[in-house]
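Feature list (source: TrEMBL):
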- Cys544, Cys547, Cys550, Cys586: [4Fe-4S] cluster 1 binding site (BINDING)
- Cys555, Cys576, Cys579, Cys582: [4Fe-4S] cluster 2 binding site (BINDING)
- 567-594: domain '4Fe-4S ferredoxin-type' (DOMAIN)
Amino acid sequence: MEEKKVVAGNEAAAIGAYESGISVATGYPGAPCSQVLEYIERYEDIYCEWSTNEKTAMETAIGASFNGKRSFVVMKTLGLNVAADALLQYSGTKINGGIVVLVADDVGRIVGDDYQDSRNYGIAAQIPVLEPADSEETRRFIKFGYEISEKYSIPVILRMNAITSKSKSVIKVDPDLTVTQSEHIRYNYCAQKMVTNVIRFGFSNYKEKDLVKYWHNFKQYWNKLKQDCNDFSVNTLTLASKKIGIIASGVSYYYAKEVMPNASYLKVGMAYPLPEKLIRQLANYVDELYIIEGFQPVLEKEIKALGIPVKGSEIFPRFPYALYFTSDIIAEKILGLLPDSAFPFKNVIPFRIPTNCPGCPHLFLFYLLHKNQIKSSGAIGCAGLGALPHIGQIDIVQCMGSSIGIAHGYNKAAKNNEKFVAITGDGEFWHTGVNNLINVVYNKGNVTTIIMDNFTVAMTGGQGNPSSGYGLGHEVNRLSIEKICEAIGVADIQIVDPYNLEEFEKCVTSTFKHDKPAVIIARRPCLVFSCRSEKKTCQITDRCKGCLKCAKIGCLAIELTEGNGQTFALINPHRCIGCGLCQQVCQIGAIEYA
Ligand code: SF4
Ligand code: SF4
């Protein structure tokens, strides 16, 4: 019997995937959707893995789909850039088992650092995009996604965001439900892309008629989908007031409904392709038509391209504040109402810059870079926090795995007369950094790469990577960073404990004496995801002269206090973990263990 449960969208996604009978789930950690795979791991029959990167995850899922099984891939928006090559090729190929790709956009930049809207991928590659507004829709839309994936022979994107992923709402579940893993029609041959090329060039040596039978008439399927989506239950048209009509997608629908409960609505559950017939019906019914969609005006452009007048970005400017809709913004811009002053907590959350944990090994690196005035390209994640202004020791941060390539390009442009170093985490090294290291060795570069090996993908919640020794739900092999660097041909490989600042500094600066690629593996577990049994702290003694050098290392445990007209540093014992960095930085020995 069905019962109700309050769950976050991430858990609802796992339930929806399980109820759809998936066999394989893959992904790469990324906020806000990392937990989806961790929930799926609970289902024993589903093979589940953290892949080394999003492209690998996508290709593994494609393999499972080719085998006739349903597969599920999870990643954040930027991950879709990495997976795009595989995904875009799969669209247009006749597929066997259904495949749904859950992508979490960061609408409003709540958890991350990008402005990307994954619906654009749907448009670019002709892939349907479903957009749930809450947990129950997430569960249902995933099941629906598999139905259309198999019916129209197409991969499906399920677009979530920080709100739908993290916020909790009621879903319906059957606790006694046992699911049989789905097996769709299985084909043994799926070389449509290659066949297309042969036919396109018209090589007469090939028997075209034989090849044509493998041709997948994608256009026919797509046109049918475009027609049928007007009748899909995920798109709902409610005709009420004739004055105002709203087209809304995702969670924005709820905000609009809260402000204008009596307006007419088209709630677009499938953001692409759009239900043109329903849009025209609403446009003809109301005096004024608005589009309310989180993030970029993607649907708005599509609707305007149909020649339908709709108000959107002209009243909801996208930068800097209207990326993420709220009831206040909608009430103000459409109804001219002042923002609700009854909500007292609106402005009380203080601005806080993301920073490393007290005692994080990365702080030792940032200090070392500062002391030696070393320029660097940085990592994504905790090791990239050194680029933020309060530390400011990393000069450029781009995308996952890029730091080694950027350093290589910089040094080549400087004719190898400079040593611009690359910083990467262990997860990022395996993700795509290793490809860049191969390129450095192959092309006789001279990059010094510092791999901050803390045995985990820390910032996204402590997920495993190939050298962590753990994965998801099954045993994994532990790969060796030093052995792979050696195999690539890096001649200078040094392993050091970053807490030993003097040794760490010697390792890094020694690589500046030669003109070859070098790798420093600074190895110490992340403090959050390792067990720390000993509890020791540092304290500042009365020998302190108030130079404040220790206060500049970026440790959250070091606070400032006033006394005798002077500012002094003070160590908060509740935060300090006794890493000893401040002690090594203090040149007059004023800091000691408590
Ligand atoms: S989570 Fe781990 S890696 Fe990240 S800042 Fe904290 S200690 Fe450092
Ligand atoms: S020992 Fe110093 S640097 Fe390390 S956590 Fe404590 S106050 Fe911070």
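If you go along the chain as it appears here, the first residue is 1 and each next one adds 1.
Note: Cβ is positioned from N, Cα and C throughout, glycine not excepted.
Of all the binding-site residues listed here (Cys544, Cys547, Cys550, Cys579), the one with the fewest other CB atoms within 10 A of its own CB is Cys547.
A Cβ distance below 6 Å to any atom of ligand 2 is met, among the binding-site residues Cys544, Cys555, Cys576, Cys579, Cys586, by Cys555, Cys576, Cys579. Using a 10 Å Cα-Cα cut-off from Cys550 ([4Fe-4S] cluster 1 binding site), the binding-site residues that qualify among Cys576, Cys579, Cys582 are Cys582.
Of all Cβ atoms in the protein chains displayed, 22 besides its own lie within 10 Å of the Cβ of Cys576 ([4Fe-4S] cluster 2 binding site). In the structure as shown, the Cβ atom of Cys555 ([4Fe-4S] cluster 2 binding site) sits within 10 Å of 28 other Cβ atoms. The Cβ of Cys582 ([4Fe-4S] cluster 2 binding site) lies under 8 Å from the Cβ of Cys538, Cys550, Ile553, Cys555, Ile558, Ile571, Ile591, each of these being in the same chain and 6 or more residues away along the sequence. Same-chain residues with CB within 8 A of the center of the Cys544, Cys547, Cys550, Cys586 CB atoms, the [4Fe-4S] cluster 1 site residues themselves not counted, are Ile540, Lys545, Gly546, Leu548, Lys549, Ala551, Ala569, Cys582, Val585, Gln587, Ile588, Ala590, Ile591. In the shown protein chains, 21 other C-beta atoms lie within 10 A of the C-beta of Cys586 ([4Fe-4S] cluster 1 binding site). Reported as a whole number, the C-alpha separation between Cys586 ([4Fe-4S] cluster 1 binding site) and Cys579 ([4Fe-4S] cluster 2 binding site) equals 13 Å. Per-residue pLDDT, averaged along the domain '4Fe-4S ferredoxin-type' (567-594), amounts to 92 for this model. Each residue in the domain '4Fe-4S ferredoxin-type' (567-594) gets a DSSP state, and the totals come to 5 helix, 8 strand, 15 coil. DSSP gives Cys547 ([4Fe-4S] cluster 1 binding site) a coil state; it is part of no helix or strand. Excluding the listed site residues Cys555, Cys576, Cys579, Cys582, the same chain places Pro358, Gly359, Leu363, Cys538, Cys550, Ile553, Ala557, Ile558, Ile571, Ile577, Gly578, Gly580, Leu581, Gln583 with Cβ atoms within 8 Å of the centre of the [4Fe-4S] cluster 2 site Cβ atoms.
Rounded to a whole number, the C-alpha distance linking Cys544 ([4Fe-4S] cluster 1 binding site) with Cys579 ([4Fe-4S] cluster 2 binding site) is 19 angstrom.
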